[in-house]
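K.L.:
Take a look at this one; I'll ask things after.
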Amino acid sequence: MAAAANPASLESAPRILRLVAECGHSRARAGELRLPHGTVATPVFMPVGTQATMKGITAEQLDALGCRICLGNTYHLGLRPGPELIQKAHGLHGFMNWSHNLLTDSGGFQMVSLVSLSEVTEEGVRFRSPYDGAVSLLSPEKSVEIQNALGSDIIMQLDDVVSSTVTGPRVEEAMYRSIRWLDRCIAAHRQPDKQNLFAIIQGGLDADLRATCLEEMTKRDVPGFAIGGLSGGESKGQFWRMVALSTSRLPKDKPRYLMGVGYATDLVVCVALGCDMFDCVFPTRTARFGSALVPTGNLQLKKKQYEKDFSPIDPECTCPTCQKHSRAFLHALLHSDNTAALHHLTVHNIAYQLQLMSAVRASIVEKRFPDFVRNFMNTMYGDPTLYPPWATEALASVGITLG
Amino acid sequence: MKLSLIKVGNGCRLGKIKNLGKTRDHTMDIPGCLLYTKTGSAPHLTHHTLHNIHRLPAMAQLTLSSLAEHHEVLTEYKEGVGKFIGMPESLLYCSLHDPVSPCPAGYVTNKSVSVWGAGGRVEMTASKFMAIQQALQPDWFQCLSDGEASCAEVTSIKRARKSVDRSLLFLDSCLQLQEKSEVLQKSLIIGVIEGGDVMEERLRSARETAKRPVGGFLLDGFQGNLMATEIGLHLLSSVTAELPEDKPRLICGVSRPDEVLECVERGVDLFESFFPYQVTERGCALTFSFDFQPNPEETLWQQNGTQEEIKYLDQTEKIKTTDCTQEMTSFEINLKEKNQ
C-alpha cells in the first residue's frame, strides 16, 4: 500500500498503483495498476495501435497473448473516424472490441512527427488534416474532450512537444507551456472518476528545465506521470540521465510511464531506473520488415541463412507463431506476397515484449532482479566489452554492476 | 478413396468422398470447395485467425507456382509440405497454377511446363515435376498439363489437339514415374481435361484421360470467357457426361457463386475458393444471402414484390466506383463508400 499520507496532503487523485515489490538495489518496482477495465501488472509494455487497430493483429489475438492494456492514437482517431462516431460505437473499447484497458495519447506527439502540417501557439496546435485538408486547432480542452469521448482508461495531457535534438529558448517555452496546458487539461477533464489523466514531464535534455518541470507538475493532483520528450534523436547518455533525474523526483506511489521506449535493453535499464510503463511502435514496426525479436537480438528472417532452418524463431517462446511454424516456413512466406508472414511476426514480437516484461517482473518479486539484468545483458551482448557503455553506466548509477 | 453418390438430379451430384488422406480416414462432401492458399497459407490469416471461421474445407489447395521454387528446402525437410506449412492434419491438393494470377502464355513445350513464383519462372519436365511432388507429398495433385489452348481469343483446332496430346503424354510419363516412387504411392494424380473450345478434342481428352488410373479429373480452360457462354456451358456438360461417376470432378478458375452453381448443375464436384480473396483485395465484403426456399412461389408472394431469389442468378452488374477499379459483383458491398 502507498506510504502513510502526509496529514496535510490535499491530494485526492486515486492511487491507482499498488506496489507489490521493490528491488533492494536499484529503483525497480513491481506493482499492480487498478484501472476501470481491470488490473494490469507492472512493469508493463503497452503495444501501440494506430487508428483503433493493432497493425497485423486482432484484439482477440492480443487478448490471447495476455495483453491487458494497449494504446489508441488520438491524433488519427480524432480526425478519422472522429469522436462523435466513436461515441456512437460505445467508445473506443466498443469500436475496437477490446475489453481490457486503453491508454490514449493527446495527439501532441504526432505534431512533432508530422510537423510540416502544424503550428504551435499558446492556444494549441493548429494543423491541416492529412485526410481532407481542413485546418483544425487541437487545444488542451479539445484533446481532453476527444479523449473523454473515446473513453480510454488513461488519458494524456496535451503537451508542447519539442524534439530532443532542439536546443535554446524553445525548449524552455515548451516546458512552461506544458505546465499551463496540464492545468487546462485538468480543468477540462469531465470524467476523473472514469479516466485517469496523466501529466507529461518535459524539459528536453536540460537538467534544470526538467527539474523545474518536475517540481511544478508534481504539485498537481494527477493519478500518474509520464516522462516525455525523450526517445527521439538524443544520445543514450543524455537519455538515461534525464530518465534517472525524472524518476528520482517523481512520487513513489504513482506510476511512471516512459513514453516511446522501446528496445529490450532500454526497457530493462529503465525498469532499473524506476519506470513502470512503456510503449513503442518498434516491435510491431520491425515485424513488418521481417524482423523477429529474440533474446540475442533479432533475426532478419528474409535472409538466406534461414531458408532451411527448421527450428522455431525462439524454442522458449510460447506464442502461436513459435508453437506452429519454423524459421524456414516464415522465410518462404516472407518472400511471397501473402501478408500472413507479417502477422505471424507481429504476434511473436508482441509476445516477446510481453514475456520479457513478465520475466522482469517475476525477478523483482523474487528479489533477483540484478541477476536477471546481468543474465539478460550477457545473453543479448555476449562479451561484457560489447555491452553498450550507456547501459553499464545507467545500471551502475542505481547499484547494479555488470560483468 | 471411395466416392459415394447420395443423389443425382438436374445434372447435380450430391455425395461423399471417403477414406481420404494418408491415414485413409478423412471424408469430404461434394459439392465442396478447397481452401485457397498462397505459399501454403490462407491469405492474410494465421492459424489462429483462420480457425475463427467455422466449417473450413477439409482439403486445402496449394499451388505449385508458389511452392516449386522451395523444392530444395522441402526435399531437405523430408516430412512433406503439410507439416512444413503448419497444416499437418489437412488434406492437400496441389494445383499447377494460382487461379488468381494468370501466368504468361507461350511457355509450354512438348517436354516441359513452366510456373511463375516470387523468384521467377520455374520450368518443369515430367521428372522434375514428379521430383517436386515427391518433396511435397500432397494427397492429390494436378498432373502436368498444357492449359494454353484456352489462352488465345479463338482456339485453333490444331492448338486444341496439341493441348490434349501433350497433356496425355505428360500424364502417362507421370503415372510411370509414380509407380517407381514409394513416397508417392499414397498420393492421387488428378488427370487434366484439355481441348480449348473444340468439342471433338474435349471429348477425346475426357475419354482418353478416363482410361488412365487417375484419382479424379480437373476440367481446365473453362475459366473466364468460356464460362460466360452457352457454348462453354454445353461443352462442360458434354465433358462431364464422358467421365466415370465414381471419381471426383474438379474445375479450376471458377469461384463466383453463380458460376459455381452453373457448374454444379453440369456435374462438377469440387471448386477453388479464391473469390473471397479477390473481393477482399478490392476492399469489399461479401453480403449475399444463400438461403434457399423449398417453396419459392409462396416466399415470393410473401415478399413485397422484390424478387430476391432471382437477383443473384442474373448477370453480374458491372459496378464501377471511384474507389474500386476492379469489377465488383452483386455479391458484395464496397466498404470504402461513405454510406456504408
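Please read every residue number as a count from 1 along the shown chain.
Backbone N, Cα and C define each Cβ position, glycine as well.
In TrEMBL, annotation is done automatically, which means it is predicted and not curated.
From TrEMBL, for reference:
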ACT_SITE  A:Asp105  active site, proton acceptor
BINDING   A:Asp105, A:Ser106, A:Gly107, A:Gly108, A:Phe109, A:Asp159, A:Gln202, A:Gly229  substrate binding site
BINDING   A:Cys317, A:Cys319, A:Cys322, A:His348  Zn(2+) binding site
REGION    A:260-266  region 'RNA binding'
REGION    A:284-288  region 'RNA binding'
K.L.:
Average pLDDT across the region 'RNA binding' (A:260-266)?
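P.N.:
Within the region 'RNA binding' (A:260-266), the model's average pLDDT equals 95.
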K.L.:
Just to verify a number: CA distance, A:Asp105 (active site, proton acceptor) to A:Asp159 (substrate binding site), in angstrom, no decimals.
P.N.:
10
K.L.:
With a Cβ cut-off under 8 Å, give me the same-chain residues at least six positions beyond the ends of the region 'RNA binding' (A:260-266) that come close to it.
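P.N.:
Hits for the region 'RNA binding' (A:260-266): 109, 230-232, 275, 278-280, 282, 293, 353, 356, 376-377, 380, 388, 391.
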K.L.:
Hey, of A:Ser106, A:Gly107, A:Gly108, A:Gln202, which of those binding-site residues are within 10 Å of A:Cys322 (Zn(2+) binding site), Cα to Cα?
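P.N.:
Near A:Cys322 (Zn(2+) binding site), where near means Cα within 10 Å, there are no binding-site residues at all.
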K.L.:
Other residues with Cβ within 8 Å of the Cβ centroid of A:Cys317, A:Cys319, A:Cys322, A:His348 at the Zn(2+) site?
P.N.:
A:Pro312, A:Ile313, A:Asp314, A:Thr318, A:Pro320, A:Thr321, A:Gln323, A:Val347, A:Ala351, A:Tyr352
K.L.:
Tally every other Cβ atom lying within 10 Å of the Cβ atom of A:Cys322 (Zn(2+) binding site).
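P.N.:
Within a 10 Å radius of the Cβ of A:Cys322 (Zn(2+) binding site) lie 22 other Cβ atoms.
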K.L.:
Report the nearest neighbour of A:Gly108 (substrate binding site) in space among the binding-site residues A:Cys317, A:Cys319, A:His348, comparing Cα positions.
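P.N.:
Sorting the binding-site residues by distance from A:Gly108 (substrate binding site), the top entry is A:His348.
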K.L.:
Looking at the binding-site residues A:Cys317, A:Cys319, A:His348, whose Cα is closest in space to that of A:Ser106 (substrate binding site)?
P.N.:
A:His348
K.L.:
Using A:Gly107 (substrate binding site) as the reference point, find which of the binding-site residues A:Cys317, A:Cys319, A:His348 has the shortest Cα-to-Cα distance to it.
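P.N.:
Checking each of A:Cys317, A:Cys319, A:His348 against A:Gly107 (substrate binding site), the shortest Cα distance is to A:His348.
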